[in-house]
Amino acid sequence: MARQYAVWGNPIAHSKSPYIHQLFAQQSNRRIEYAAKLGDKIAFEKQLVQFFTDGANGVNITSPFKARAFRLADVCSESCLLAGAANTLKRLDDGRLFADNTDGKGFCADLARLEWLIPEQRVLILGAGGVTKGVLLPLLLAKQKVTLSNRTHIKAVELAQQFAKYGDIQAVSLSEIVQHPPFDLIINATSLGLQGGYIALPNHLFEKSAVYDMEYASNMCTPFLNYVRTQGVTRYQDGLGMLVNQAAFSFQLWEGELPKVENVLKQLRAEMGYVK
């Protein structure tokens, strides 16, 4: 009998997770069923409990339900606890729900794939929301020197204080960032691109920087990456690799095997019409 999985979100029709997980399952001839489920913004918890009651083995969670899924779980990982959000739930043998947040592991795995995860490098993260919260622990454990900058500065300050015991992290306002020396890696973790926007930065910050946008789009044409190309940046990447890698860690949690991501990523790029 095929094991039952799903991704829950609202909206959800755009999700590539069912396709990704079926490709993972094919690597080891596993039988799974993986659906995209539209969560009700009021009755989400009831829906999720019923899904597990009906025999589901695990779920992925996307916006806007990650914090609510975390609160629903019985036990959770440290990364999940720090983020206050879950993107993966697993039904344990005793019926309890275990929550994890694989965003950070997936992000760092993609940086490692790109050979961009270099100890002691200076990293600027734009944004101080849930996505940033989910990736800070593995970044700091990988010895990255992190600077947070956010439109609402106090949110970046509070986040830096929360994670200070795990590594080198500071908050710098967007108005002060103009005085900062160049960064080795600049990460866009804002949601501005969904409305076609981005945070413009002084050109000198890009002088030797690689740029990673956690959003993804056909041909890597997110608003932020379109902008940084005009600033002369030649090393850039969108978040599709992060999506595939975080999915791989979810699959490992459920099925006990870490799938290979490179061919899956290539297939996704081809499906999206990526042209080198």
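Even glycines carry a Cβ here, placed using N, Cα and C.
What Swiss-Prot records for SER15, LYS16, SER17, THR62, ASN87, ASP103, TYR216 is shikimate binding site. Neighbour list (SER15 (shikimate binding site), Cβ cut-off 8 Å, at least 6 residues apart, same chain): VAL7, GLY9, ALA36, THR62.
Taken from Swiss-Prot, the feature active site, proton acceptor covers LYS66, and the record attributes it to sequence analysis. Same-chain residues at least 6 positions away in sequence with a Cβ under 8 Å from that of LYS66 (active site, proton acceptor) are, in sequence order, ALA85, ALA86, ASN87, ASN101, GLY130. Under DSSP, LYS66 (active site, proton acceptor) is assigned to a helix (H, G or I) in the three-state scheme.
The NADP(+) binding site annotation in Swiss-Prot covers GLU78, GLY127, ALA128, GLY129, GLY130, VAL131, ASN150, ARG151, THR152, HIS153, ILE154, LYS155, MET214, GLY239 and is backed by sequence analysis. In the three-state DSSP scheme, GLY130 (NADP(+) binding site) falls into the helix class.
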Intrachain C-beta neighbours of ASP103 (shikimate binding site), sequence separation six or more, cut-off 8 angstroms: ALA83, ASN87, VAL131, GLY134, VAL135, MET242, GLN246
Residue among the binding-site residues SER17, ASN87, THR152 whose Cβ has the most other Cβ atoms within 10 Å: ASN87
Shikimate site, defined by SER15, LYS16, SER17, THR62, ASN87, ASP103, TYR216: further same-chain residues with Cβ within 8 Å of the Cβ centre: VAL7, GLY9, ASN60, LEU243, GLN246, ALA247
For TYR216 (shikimate binding site), the number of other Cβ atoms found within 10 Å of its own Cβ: 22
Per DSSP, three-state class assigned to GLU78 (NADP(+) binding site): helix
